[in-house]
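K.L.:
Take a look at what TrEMBL says about it:
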- 7-245: domain 'Sulfotransferase' (DOMAIN)
- Lys16, Gly17, Gly18, Thr19, Arg20, Arg99, Ser107, Tyr207, Lys222, Gly223, Arg224, Pro225, His226: 3'-phosphoadenylyl sulfate binding site (BINDING)
- Lys16: active site, for sulfotransferase activity (ACT_SITE)
- Cys208-Cys217: disulfide bond (DISULFID)
Amino acid sequence: GTSRRIPQTIIIGVRKGGTRALLEMLDIHPNIVVAATEVHFFDWDENYVKGIDWYRSLMPFSYGNQITIEKTPGYFTSPQAPERIHDMNSSIKLLLILRDPTERVISDYTQVYYNRVESHKPVQLFEDIVIKNGALNTKYKAIQRSLYDVHMEKWLKHFRLDQIHIVDGNTLIKDPLPELQKVERFLNLPSRILSSNFYFNQTKGFYCIRSDGRERCLHESKGRPHPLVNNTVLEQLYSYFREHNAKFYRMVNHSFDWH
């Protein structure tokens with residue numbers, strides 16, 4: 001009685017916003033099944049040309065009463081993804097998880113830093129990448145990805161605001177349940193995720209998951225310590241994002257506790 005189905009919900013981003021945590025926490029719900037890997041169907045041309053049947057073949061088997069969810073953080077900042085997803089299903093429900101843009105930039109840098117260290121490639125200090133000739137390097141990809149208003153504008157050309165639910169990534173890490181209950185309501189699902197599904201891991205410094213009689217934490221690559229960043233540089237980032245954040249708040253009719 002199961003089949004592979006095209007997702008009815010997609011976590012579209014943002015990179016380093018908490019997409020993996022959100023997906024794994026939603027996977028607790030009996031009416032949700034999740035794709036195991038990031039598919040990159042709508043943002044990578046080489047995958048998109050393989051067609052919708054290829055996309056469907058990467059989805060898990062599900063029952064008729066279950067929602068299939070995939071997550072690819074690159075979708076949010078992709079110029080092509082909004083139109084391509086709309087072409088597949090114009091009434092789809094989308095999940096977007098965001099966190100403080102400056103924190104997201106530092107987290108983005110941290111991931112690349114560790115990847116380079118593990119690959120024995122040279123690394124640069126955060127400040128040396130973010131500041132060029134005394135000014136903020138706004139061309140830095142990590143900064144570009146944190147311009148939420150710029151990217152959201154593209155999505156709102158193809159989807160109504162009530163089709164996009166924004167999850168507060170900063171809150172999800174500190175207190176997961178209220179954010180997940182909002183997602184349950186958005187997806188019209190019965191309330192099945194409980195506070196007993198989470199426990200705080202003192203060693204890791206974040207919540208882990210308890211379900212089906214087993215406990216699991218996110219991969220060790222998650223929650224890595226961020227570098228200490230020079231206060232002057234932090235202030236430059238806060239200042240740069242302030243106007244973009246204000247514009248984003250107006251777009252989505254909601255404010256967040258960001259710098």
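The backbone N, Cα and C atoms fix where each Cβ goes, and this holds for glycine too.
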K.L.:
I'm trying to understand the geometry here, so how far is the Cα atom of Gly18 (3'-phosphoadenylyl sulfate binding site) from the Cα atom of Cys217 (disulfide bond), in Å to the nearest whole number?
P.N.:
13
K.L.:
Near the Cβ of Arg224 (3'-phosphoadenylyl sulfate binding site), how many other Cβ atoms are there if near means within 10 Å?
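P.N.:
Here the count is 11.
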K.L.:
Check the domain 'Sulfotransferase' (7-245) for me and report the mean pLDDT.
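P.N.:
Average per-residue pLDDT within the domain 'Sulfotransferase' (7-245): 95.
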K.L.:
Determine, to the nearest whole angstrom, how far the Cα atom of Cys217 (disulfide bond) is from the Cα atom of Arg224 (3'-phosphoadenylyl sulfate binding site).
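P.N.:
On Cα coordinates alone, these residues lie 13 Å apart.
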K.L.:
Report, as a single number, how many Cβ atoms besides its own are within 10 Å of the Cβ of Arg20 (3'-phosphoadenylyl sulfate binding site).
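P.N.:
Its Cβ has 18 other Cβ atoms within 10 Å.
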K.L.:
Between Arg224 (3'-phosphoadenylyl sulfate binding site) and Cys208 (disulfide bond), find the distance joining the two CA atoms and give it rounded to the nearest Å.
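P.N.:
Spelling it out, the Cα of Arg224 (3'-phosphoadenylyl sulfate binding site) and the Cα of Cys208 (disulfide bond) are 15 Å apart.
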K.L.:
Nearest to Cys208 (disulfide bond) by Cα, among Lys16, Arg20, Ser107, His226 (binding-site residues)?
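P.N.:
Result for Cys208 (disulfide bond): the nearest of the binding-site residues is Arg20.
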K.L.:
Out of Lys16, His226, which of these binding-site residues shows the lowest number of other CB atoms within 10 Å of its CB?
P.N.:
His226
K.L.:
Please determine which of the recorded positions listed here (Ser107, Cys217) has the lowest count of neighbouring CB atoms within 10 Å.
P.N.:
Cys217
